[in-house]
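K.L.:
Annotation comment: Swiss-Prot describes 1-21 as signal peptide. Feature annotation from Swiss-Prot assigns disulfide bond to Cys90-Cys101, Cys95-Cys111, Cys139-Cys169, Cys142-Cys162, Cys151-Cys183, Cys317-Cys341, Cys352-Cys359, Cys361-Cys380; the stated evidence is similarity to another entry. Taken from Swiss-Prot, the feature domain 'Kazal-like' applies to 133-185, supported by sequence analysis. As annotated by Swiss-Prot, domain 'Thyroglobulin type-1' applies to 314-380, with the evidence given as sequence analysis. Positions annotated as O-linked glycosylation site by Swiss-Prot, on the basis of sequence analysis: Ser387, Ser392. Per Swiss-Prot, the feature region 'Disordered' maps to 393-436. As annotated by Swiss-Prot, compositional bias 'Acidic residues' applies to 399-430.
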Amino acid sequence: MLKVSAVLCVCAAAWCSQSLAAAAAVAAAGGRSDGGNFLDDKQWLTTISQYDKEVGQWNKFRDEVEDDYFRTWSPGKPFDQALDPAKDPCLKMKCSRHKVCIAQDSQTAVCISHRRLTHRMKEAGVDHRQWRGPILSTCKQCPVVYPSPVCGSDGHTYSFQCKLEYQACVLGKQISVKCEGHCPCPSDKPTSTSRNVKRACSDLEFREVANRLRDWFKALHESGSQNKKTKTLLRPERSRFDTSILPICKDSLGWMFNRLDTNYDLLLDQSELRSIYLDKNEQCTKAFFNSCDTYKDSLISNNEWCYCFQRQQDPPCQTELSNIQKRQGVKKLLGQYIPLCDEDGYYKPTQCHGSVGQCWCVDRYGNEVMGSRINGVADCAIDFEISGDFASGDFHEWTDDEDDEDDIMNDEDEIEDDDEDEGDDDDGGDDHDVYI
């Protein structure tokens with residue numbers, strides 16, 4: 001009996017000590033009991049409220065990841081809502097109805113409470129109203145379907161159209177489908193749905209390619225003329241050249257042909273043409289040059305090159321005549337050279353300038369035949385389109401810079417002596433310059 005009483009006394013003493021400790025804790029807390037609820041523990045609240053102004057304020061929407069996000073977020077760091085939509089991690093995360101998903105990067109997303117977000121944005125001096133639309137909106141989540149990529153007007157590729165619409169809803173922006181498939185969109189949309197079937201390019205597309213290349217060649221030509229560079233003049237064997245097949249076009253087209261012809265064989269092979277295939281999305285560039293190869297030998301001669309570009313433009317004589325008429329207006333200017341055109345809009349073989357009393361021979365594109373200019377009527381019965389023996393004439397647009405680079409066949413002595421070449425090139429006394 002005495003042993004039982006002793007045990008009861010020990011238990012009572014232990015219970016009394018626990019009660020006294022609890023009473024002391026209540027007194028330290030201002031006389032208010034927490035009833036055993038850890039949410040009212042000020043020490044715990046202080047730990048989780050380290051980003052709040054007042055100690056002990058509990059945020060029922062608090063999230064550890066969310067607090068870590070705000071710890072590193074600064075007013076100068078925007079909320080990354082403009083990540084690549086196809087890799088948006090928020091598309092795979094579902095937040096509670098009181099929170100919104102914010103993407104930190106392409107792999108990390110956090111759920112942030114509306115209350116915490118508004119509070120932090122106020123502290124940062126950001127007007128939360130500008131975020132209320134895209135952040136607080138209820139955007140429809142996309143189902144899991146087989147990918148059917150589309151390119152949006154914002155330049156991003158979306159796995160399917162629903163994700164494009166979802167991203168537009170989240171950002172509060174207007175995003176439309178620019179084209180089907182991955183970005184960037186091709187300049188010309190294929191008419192065939194099969195990727196294995198090559199689309200044939202139309203004549204209009206060939207003309208557009210020719211015009212773009214011609215403008216590009218002209219810009220390069222003018223830039224090269226303005227910025228003359230010192231270079232080493234290469235002198236290949238004279239026997240390698242056939243002067244009867246020189247380029248018939250003496251403008252930027254002929255200039256570009258000579259720049260591409262790196263082995264000086266007066267032919268362009270695929271390796272020399274490859275530098276022009278710059279835009280992989282331009283499907284008709286390679287097809288255009290394939291159409292230039294009339295002999296189907298995988299080589300483009302200088303005549304094929306010139307004719308290929310010239311046939312893709314409006315009739316040259318009619319174009320020049322129209323331009324002259326536009327400049328003159330109603331009154332005809334005295335002394336103005338007026339080209340003679342055939343019924344198809346190309347140049348007649350014989351051209352004359354009445355004011356100076358001279359006539360000369362040209363091909364159908366207006367390229368003057370070397371040595372054909374005389375006082376009086378010229379005899380132009382030769383088929384000059386295939387003779388290749390053309391001079392510059394009134395249509396010569398090459399500069400002295402090209403003379404220094406390309407005049408390599410004037411005299412055999414020039415080939416043997418490079419130093420003598422430089423002096424001869426600067427001497428304008430040679431009336432028989434031939435351009436390569």
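We number each residue from 1, going along the chain as drawn.
Placed from the backbone N, Cα and C atoms, the Cβ positions cover glycine too.
Remember, predicted model here, so these are calculated numbers, not experimental data.
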K.L.:
Tally every other Cβ atom lying within 10 Å of the Cβ atom of Cys162 (disulfide bond).
P.N.:
16
K.L.:
If H, G and I count as helix, E and B as strand, and all else as coil, what does DSSP give for Cys95 (disulfide bond)?
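P.N.:
DSSP call for Cys95 (disulfide bond): coil, neither helix nor strand.
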K.L.:
I'd like the Cβ neighbour count for Cys359 (disulfide bond), meaning other Cβ atoms within 10 Å of its Cβ, all protein chains included.
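P.N.:
Around the Cβ of Cys359 (disulfide bond), 19 other Cβ atoms lie within 10 Å.
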K.L.:
By CA-CA distance, flag whichever of Cys95, Cys169, Cys317 among the disulfide-bonded residues is nearest to Cys142 (disulfide bond).
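P.N.:
Nearest in space to Cys142 (disulfide bond), counting only the disulfide-bonded residues, is Cys169.
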K.L.:
Identify, in sequence order, the residues in the chain of Cys101 (disulfide bond) that are 6 or more apart from it along the sequence and have a CB within less than 8 Å of its CB; answer 'none' if there are none.
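P.N.:
Counting only residues 6 or more apart in sequence, the Cβ neighbours of Cys101 (disulfide bond) under 8 Å are Cys90, Met93, Cys95, Ala109, Val110, Cys111, Ile112.
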K.L.:
Tell me, how many other CB atoms lie within 10 A of the CB of Cys90 (disulfide bond), whichever protein chain they belong to?
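P.N.:
So the Cβ neighbour count for Cys90 (disulfide bond) comes to 22.
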K.L.:
Among the disulfide-bonded residues Cys151, Cys169, Cys317, which ones place their C-alpha within 10 angstroms of the C-alpha of Cys361 (disulfide bond)?
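P.N.:
So the list reads none.
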K.L.:
Using Cα coordinates, what distance in whole Å links Cys359 (disulfide bond) and Cys341 (disulfide bond)?
P.N.:
15
K.L.:
For Cys151 (disulfide bond), what residues in its own chain, 6 or more apart in sequence, show a Cβ-Cβ distance under 8 Å?
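P.N.:
Long-range Cβ contacts: Thr157, Tyr158, Val177, Lys178, Cys179, Glu180, Gly181, His182, Cys183, Pro184, Cys185.
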K.L.:
Restricting to the chain of Cys380 (disulfide bond) and a gap of 6 or more, list residues whose Cβ falls under 8 Å of its Cβ, or answer none.
P.N.:
Pro349, Thr350, Cys361, Val362, Val369, Ser372
K.L.:
List nothing but the one residue from Cys317, Cys361 whose Cβ has the fewest other Cβ atoms within 10 Å; the candidates are the disulfide-bonded residues.
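P.N.:
The disulfide-bonded residues Cys317, Cys361 were compared, and Cys317 has the fewest Cβ atoms within 10 Å.
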K.L.:
Taking DSSP as the reference, which of helix, strand or coil describes Cys90 (disulfide bond)?
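P.N.:
For Cys90 (disulfide bond) - judged by DSSP and reduced to three states - the answer is helix.
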K.L.:
What average pLDDT is reported by the model for the domain 'Kazal-like' (133-185)?
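P.N.:
The predicted confidence over the domain 'Kazal-like' (133-185), as a mean pLDDT, is 79.
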K.L.:
Which of the three DSSP-derived classes (helix, strand, coil) applies to Cys359 (disulfide bond)?
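P.N.:
In three-state terms, Cys359 (disulfide bond) counts as strand.
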K.L.:
Where the distance is taken from Cα to Cα, which of the disulfide-bonded residues Cys162, Cys317, Cys352 turns out closest to Cys169 (disulfide bond)?
P.N.:
Cys162
